[in-house]
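A short write-up of the structure that comes next.
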């Protein structure tokens, strides 16, 4: 059911990335998403970073309009929807790239792990979008940047390959090319990734978010490595009108 909620707080997290705290607290599993509607603009899926927290990157008309809103303004939401992370594993790697941090942050906060390490990658220092309190929820934070302007020069997958033996389970969200490499490193075992496809209805009716035999909104957005074997994941996605789009 569509509900009107107010924006209680908004702040800049990184370059072109904002956080929005909403008035309604939701019961959710880390990895689930909501559909957020701006009247006269569009409706889009957004992963939850917390019970009433979303993080958004400015990339088009919808996000441009969302960025104009301030505290006290209203948006409309429905959900949460989809399947979240399982929470399996004792010593885990939580991997996020760019704006893939919201569901990973939620898992870090609410997961029950003996040991967890966050591996986060951004293109530059300016684009690091980590919540300030992330270190409270994990045992170690490792940051990589493509250009070496902060942390380790390279990618989260480089760190995973180097420290693979430390983890019995891996969770990840971010660019699909990165996720595909993580699946390869893990040989599709003991790994879950949050997939992204163009999504319209959010409830498994329209079929626009098809991924092999699955619908991302209904069967995902979180999938196990085994589920993604022999699918197009990591090879191509589709445009809103269904055409194949190379990654």
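For all residues, glycine too, the Cβ spot is worked out from N, Cα and C.
According to Swiss-Prot, the features are:
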- 201, 206, 209, 217: [2Fe-2S] cluster binding site (BINDING)
- 1-87: domain 'FAD-binding FR-type' (DOMAIN)
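Positions of the features from Swiss-Prot, shown on the structure.
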residue: 201; record: [2Fe-2S] cluster binding site; DSSP (3 states): coil
residue: 206; record: [2Fe-2S] cluster binding site; DSSP (3 states): coil
residue: 217; record: [2Fe-2S] cluster binding site; DSSP (3 states): helix
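Summary of the [2Fe-2S] cluster site environment: with the site residues 201, 206, 209, 217 set aside, the chain residues having Cβ atoms within 8 Å of the Cβ mean position are 199, 200, 202, 203, 204, 205, 207, 208, 215, 216, 218.
With DSSP states grouped into helix (H, G, I), strand (E, B) and coil, the domain 'FAD-binding FR-type' (1-87) comes out at 7 helix, 47 strand, 33 coil. Its Cβ taken as reference, residue 217 ([2Fe-2S] cluster binding site) is surrounded by 27 other Cβ atoms within 10 Å in the chains shown. Around residue 201 ([2Fe-2S] cluster binding site), the same-chain residues six or more apart in sequence whose CB sits under 8 Å from its CB are 208, 217, listed in sequence order. The Cβ of residue 209 ([2Fe-2S] cluster binding site) lies under 8 Å from the Cβ of 197, 198, 199, 200, 215, 216, 217, each of these being in the same chain and 6 or more residues away along the sequence.
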